[in-house]
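S.K.: Below: one structure in structure tokens.
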Amino acid sequence: MSQPSWKQKTWTEGLAKNKILTQSHWPLVTVIEARQLAGCNIDPVVCVEIGDEKKYTSMKESTNCPYYNEYFVFEFNLPIDVMFDKILKLSVIHSKNILRSGTLVGIFKMDVGTLYAQPDHQFYHKWATLCDPDDITGGNKGYLKCDIAIVGKGDTIKAQLKDVESKEDEDIEGNLMLPEGIPDERLWARYYLKIYRAEGLPKMNTSIMANVKKAFIGENKDLVDPYIQVLFAGQKGKTSVQKSTYEPIWNEQIIFTEQFPPLCRRMKVQLRDSDKVNDVALGTHFIDLQKISNDGDRGFFPTLGPAWVNMYGSLRNYTLMDEYQDLNDGVGEGVSFRARLLISLAVEMIEMSSEEVVINSEVKVEGVPNIADNATGKIEEFFLFGAFLEATMIDRKIGDKPINFEVTIGNYGSEDEAPIKSQQTRKKGGNSEDSELIQAGSDDELDYSEDLMSVSSTPVMKPFITDRNYFHLPYFENKPCIYLKSCWQDQRRRLYNVNIIENIAEKMEDGLNDVQEIIKTEKAFPERRLRGVLEELSSGCSNFLNLANKDQNLAGVTKLDRERLKLLMWEMENMSQQAKSMRTQVKKKTVKDKVKEAHDFLQKLRFLADEPQHSIPHIFIWMISNGKRIAYAKVPSQDILFSDTPEECGKDCAKYQLLHSGWTVQGKTEVYLWLGLNKQRKDFLSGLPNGFEEKKSGKGPGAPPISLTYMMKQVFQLRVHIYQARSLFAADFSGLSDPFARIFFSCHSQVTEIISETLCPTWDQLLVFDNVELYGEASELRDDPPIIVIELYDQDAVGKADFMGRTFAKPVTKMFDEHYGPPRFPPQLEYYQIFRGNCTAGELLAAFELLQIGPGGKADLPPIDGPTDMDRGPILPVPIGIRPVLSRYRIEVLFWGLRDLKRVNLSQVDRPRVDIECAGKGIQSSVIQNFRKNPNFATLVKWFEVDLPENEFFHPPLNIRVVDCRAFGRFAMVGSHAVTSLRKFIYRPPDKTVNNWSAMGVYSEAKIGHWIVSVIIHAIVSMLIFRNQDDDNEKGKKKQNNDEDAEEETLDQTMLDWWSKYFASIETLKEVRALVHSLPRNVELLVYNKELENDFDNFEDWLHSFNLYRGKAGDQEEQNEADEDRIVGKFKGSLCVYKLPLLDEMGRDLNHDSTMGMFQNIPPNEPINVLVRIYIIRATDLHPSDINGKADPYIAIKLGKTEIKDKENYVSKQLNPVFGKSIDIEATFPVDSTLTVSIYDWDLVGIDELIGETKIDLENRFYSKHRPTCGIPSTYSIYGYNVWRDPMKPKQILAKLCKDGKLDPPQYGPGGRVKVANRVYTGPTEIEDENEEHLALAVLNHWEGIPKVGCKLVPEHVETRPLWNCQRSAIEQGRVEIWVDMFPKNQPAPGPPVDISPRKPKKFELRVIVWNTDEVILEDDDIFTGEKSSDIFVRGWLKGQQEDKQDTDVHYHSLTGEGNFNWRFIYPFEYLIAEEKIVISKKETMFSWDETEYKIPARLNLQIWDCDHFSADDFLGAIELELNKFVRGAKTAKLCSIDMILKENEMPKVNIFKIKRIKGWWPLVGKVEAELHLLTAEEAEKNPVGEGRNDPEPLEKPNRPDTTFLWFISPLKAVRYLICNTYKWLIIKIVVVLLILAMLALFIYSMPGYMVKKLLGA
């Protein structure tokens, strides 16, 4: 297909066209589990937040390792950039109430864009690192394991199969949720965004408001109060508000604290106007951190500026109700310059060891010093010149009003306001500096410093009529010009480097398009062109190294400039070397691979060419009709920037370019643009076509012209050869169109004839444009002729024609003195891609030639030699020499049947017929007499002959139309299909010289020696299997431990069933993990993670399905969705195209039936009765249908009129239900050919809601040569779970295949050999039973190796099919795993269906005896003695059974941390051995209708508590033991250490389900001695025991110290043991002292009386 080498800018309809396109996205989050959460005895809840939407998991009690496995679906319909900037937050909250108002444990956040950039747009089984933003020095707060994916329209979720041998669960640090290249440990950093000032703000006051303000205040002040708002990683920062100014100065910095590298790509900087009612955005700029940093070996931290960044948005003229305000918010492409902002950004890592570290991450705003005026570069005067060469194709809606064009750069040139003055004043102060640019020293520069009055608008003109649809402006020889003088910082070097890379990329893209075109058209030597492209790339990169490193000492060179230069130099040098190396590797066979690698180079060049530091704003060109802005085009300033070095010039500088509208407002304009320094403007006219005179408005030698008058005119004849088109847009409700083409060239237009009711028209028409006048020199017009525009329309009987698409072309130009002959003439037909908006809308096959009319007039032109065998009146056919050379072909059509035809005008289709048409010829099928009874055709094969081009690339499409034959000769159009390419249906005779199949080959399989019948398999199964038998390094250790610990188990044959084979196939079977290695792999089945059709070409090996369409096609993003709605049925059949005559020897070789043509060995299409057996395994990731985020799914099967709903067996509240159902349905093909497997959500009240469905075409499967009717197993077993289930044995199947392929019957020989098609296959000789069946199966498993007739046979399998819902057709609603067997009723009946019913969990009882504790933390202080002590008790429960928590009794007053309990816990539970999950069935709430089944890991939680009677108990420590993989307990308390937890991966592990019983010490915050004893329910019933120390089998009471009691219950004991023992001598001393004091008191009291008595002699 021809791709234009020029680039056209696109007009966009002034704002009406610039609508914001929204897209639907569905983020899908599965929260699996958390580990190592910070905190003690927390009740964690996970909050998933995207934007403003929040969803919560259930709350898990008393655990730091909660298991959730909960699935959430979010839905957004937003512009893609807005969606990607949304922040996804995963928060873990400690909560104890239903309101979930708890404390934050940790948070993880990233933007949606980072997620979408991941492979398959997902993170699968990754651990998110949690941190606390309010405690950045606290380190990690835990890990959260999640699956996160985002799905958009057309995206599919890639199914992941978990590998059991991966260490993801153990190695959390090596499996973090981080993009590739991000270090595992992200440090905290500060992001300093400095905001200095802004310029050029738009006026925010209307004339009315200005007058009112002036009347009250007395002066006309600005009504804008600007401030800056910055959003980054979910944080927000604001500057201060500057009052009443259009040139605000802030000099402030906003400081963000966030981890580095951040998982949020962009920083949003928004200029806003403060208002008391509602703040309004004036403009938005996004800082992409990827573009201002590099994480490679030569990387650097994000850095920016100080530099000016430009903001774009809606129109600058103010309106109270701006309906395009979204443009100012950064949504969509801005249509006007809004302001420029001077900013800088720097990043600084935080040293955690520093004493000045701030703990939290709050956003701060600080002041910064003012910046120098010349810090961003010397201000220079720039000169912009433009010439409008042509303005045509103006829509007739605006054609009756005067039109002009306006060009602006920044706010220079705008009629609404004057340019900013501050730039002018700063310029004057900066003129003292001398420019060091390479242009500055030129002696040819003139002095253009005189003041110029800028002319930014063209004169207003009234359009002229081109035809009834379009107008044009009468520019003719007078071309209006505009010119603008503006002042900007001189950062040309920055833009020159970008232009060099951009020019290299443009050349490379054009070259790669040429290579792909050569490959597509199968032309010779594409490798030569690719070598030339790589040579150009290498030389371009080398040239960049010579040019880029200049002028680096100028003012305004930033750190980012220097770092980017280093990066660019290194990348370009490296790319140059790689291109040279790749050039030597390009061979004919490797061209396609090398083209893909070259596209990687192109993608890197595009990334490097994106300059993040803006300097000169973009140029806007506006079409103004009667003073109203209608449409605009945006031209990047660097694209038209001039340099004396050609490689540094912009790609569109000094070139005229095409500016074309979209398909709402029409207008094609050719514009010449030039931008450079004012003192360089001597070259501004260098690129225009010669032969003009300048008309100037000013005086002086350097005054620019206001118009150009061309004195030189050339006359041409344009010949447009329109041959055909294909895959056009369906513009009518019939699903077809009535297309015609309208061709525009200069001011001329013509149309082709109208072809009725087709999407693939063949016009075969020559359009001649006479006396076309073009201005300029003849040589320039030859090398660069004007562009031809071809538009396609659908003609309607009423109203105007509907636009269908547009393409562009350049003619091959011939001057009058040139010879009309090869290689340029006559021109070759080429395909041109047709575009409708941004979407492709078909292809046009055409050729164009422009012939100059010389002095001799038209007589000298080449004659038009049309074919002589057609007479089309005034319509000229495409001449001979240009039209394709035709040959005679025969097209044979296999008419099989029609399926699923929808009603036409409310009437059912009853007697359909198929019409086939190609290149004006065609054929009709027989009429189906009763579509509802038998939708197949009676006559299978018909053919017709037609003249087709010898070049297959030019073959016309083949049209299939289905009509309903009704009464009275009426016909109704049912639907149509266009086969755009016949290449895959072309018959190509086999090349007999390639392979000599007469040579006999002997084939022996590597796995032959492992073929084992079920008897031998079961013998192996009965062997002793060790837990880690697959690990050679630990095998010896395990054998030693087997004698001591009895860690071996005999796997009974009854333990293996179909699920064993299934789980082994997806490598998740853990109960027999060793079997995966010890048993042969061929006992497994193949699990496809996609639809079976994808691997077998939709089973269209001979029978094809063609979708029939009716109705009008949709536009742009609705195209795919609309096409699905337009399908009205299917035509089943096939085509065979071959050139006549067929060689005689070919006919002899084929030896076919003449009535069937090329379609030999086709089975009859009579109705056939079939037994269809559907096996439904399980569904995964179903879309939630209930308010609680769950669903109650059940299965519904529909085949023909049979519909089965398994509503009674719905699975309650599950998004990953296991069904395990097999359903038998008797069907009749072709009436019952489409199987629909649906999954509904059961509702107690109301109608059950459809979750999703999948449809399977059983008929194509039934008749396919791949034999998917019953998958071929890899082994032949006569009984057991792997029993052969096909009614035909392998020998019978092989014999039938040989017969159908016309091969000799298989010959079985001694020694395990079988001969098929001159090939010998060998098999095992040790198998005596059914030996020939095994040999036949060996051939069947390698049937694709049989020459001519061989193909891959469908193996025994399970396929995974996506579920779709017509209400949400853009996203999968989940997946269902199924397989389908089909057995014809006229053959022997099959055996019973395979038992795939879900495994029932096995009942177990876990007995845990807590013997002792040691070294427990002493939490309390004794009120009497002050000693440290604890009242210890142990609590335990199985995860998921928190309501069954059990506590020991309390060991009071432990002074050493030792506790003695002898206490038994008993936990009955149900367990799935295969999945290693405990199964719990319980009601979620008291209002739940039924129980919900949960599957959670088998984990035992043990906690140590300190008992308090007058306050809440104190939590001391905990341990969680995963019962199927936990650390072996230490034999003594001394050997028990915290390393058993810290170095868990290095410690030996045990499985309680293997060893049954274990006793040991485990570390908590302290140590606990426990004994775990696992019994089955039957064993527990035979040997009952009591809880605690109760009967039966009571445990002895612990021997606790005498001090173990509660003091207020036993006060006498407290006196004896606590007071007496501790204070005995103190009490004795006190008593003695008290006695002495009493005696002394008595002495003092009695002494006076005694002495008186003595004195008185009493």
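Every residue, even glycine, has its Cβ placed from backbone N, Cα and C.
What TrEMBL records for 7-128, 168-303, 700-825, 872-998, 1152-1271, 1388-1537 is domain 'C2'. What TrEMBL lists as region 'Disordered' is 416-441. Taken from TrEMBL, the feature transmembrane segment applies to 1626-1647.
So that I understand the layout, could you describe where these features sit and how close they are to other parts?
M.R.: Per-residue pLDDT, averaged over the domain 'C2' (700-825), rounds to 88.
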S.K.: Looking only at the domain 'C2' (700-825), what are its DSSP counts of helix, strand and coil residues?
M.R.: 6 helix, 63 strand, 57 coil
S.K.: I'd like the per-state residue tally for the domain 'C2' (1388-1537) from DSSP, helix first, then strand, then coil.
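M.R.: DSSP classes over the domain 'C2' (1388-1537) add up to 3 helix, 78 strand, 69 coil.
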S.K.: Report the DSSP secondary-structure composition of the domain 'C2' (872-998) as helix, strand and coil residue counts.
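M.R.: Breakdown, helix to coil: 9 helix, 56 strand, 62 coil.
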S.K.: With DSSP as the yardstick, break the domain 'C2' (7-128) down into helix, strand and coil residue counts.
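M.R.: Summed over the domain 'C2' (7-128), the classes give 13 helix, 63 strand, 46 coil.
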S.K.: Let's see if you can do this one: DSSP helix, strand and coil counts over the domain 'C2' (1152-1271), in that order.
M.R.: 9 helix, 53 strand, 58 coil
